[in-house]
């Protein structure tokens, strides 16, 4: 290991981590949830299974560790344990990702929450782009925006797309997420094999991400080969389904997303556009608390339905596995304790069925 990359980073080993649970995977490897015995908290661990990626992840971890920002996932340190594996140890986000939320709600969140997430993502990206040197995300999409207990957005996997590509080349793997990521790639990335990413690349992805949050859908219902062909020709996600008169500020948000995905990289705004998202959010500040409460309540109802079905099928035995991060019945009890007594009692009865 090159100590110059790890001067500020703590190294975690197997002795301090217990109760590993696989909660996801990507081009770089697997994601685990584990209990840190010393810190007394759950952490997320992203593992690279190929030694070729070790130096890359150390460099990225050093960059990601610079400073702190409430809208960027907190890096706790490096993981070194199993032979041939290296990883990042970071805070665990119990509410999953924006992609999980859109899927659970079967559509977009209430407007105040949508606009707050848009603003928080912009703040996080502005922070990354103003590090020295600037840190590009390179894979900005709904699954790479995580949500905390209050549904506040935090960026994750920034810079790891470089590691993923390195690992894929060394291992001969195919990137299974290529189709999803492709939808958020700028046209210049698909036009030249000599393409070099820059800040405007992330801005383009942000524009498509805004569209996904506003509509609650993934862009482009087409084969990846067609998407790869049409994006450089100017095709973009469909705006016809967005009624800009539906709520105050939505027209401004649509204008921002179209500027972000402009064909010419030089004509895209910077993430200083956070002032624009802040103005839109201010229009809805009085409805924000109700919007967050309503979504949390819907998530509890979803959990109740899941547990009810699980109890009917399995007689209440065994673990409950949920993509939103509630991985056992104790977690469900703790989660619902933050809502109303009525909701807590309902789920409590279901757990004990």
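Cβ atoms here come from the backbone N, Cα and C positions, even for glycine.
According to TrEMBL, the protein carries these features:
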{"type": "BINDING", "residues": "46", "note": "ATP binding site"}
{"type": "DOMAIN", "residues": "17-281", "note": "domain 'Protein kinase'"}
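The local packing around residue 46 (ATP binding site), expressed as other Cβ atoms within 10 Å of its Cβ over all shown chains, amounts to 24. Mean pLDDT across the domain 'Protein kinase' (17-281) comes to 85 in this model.
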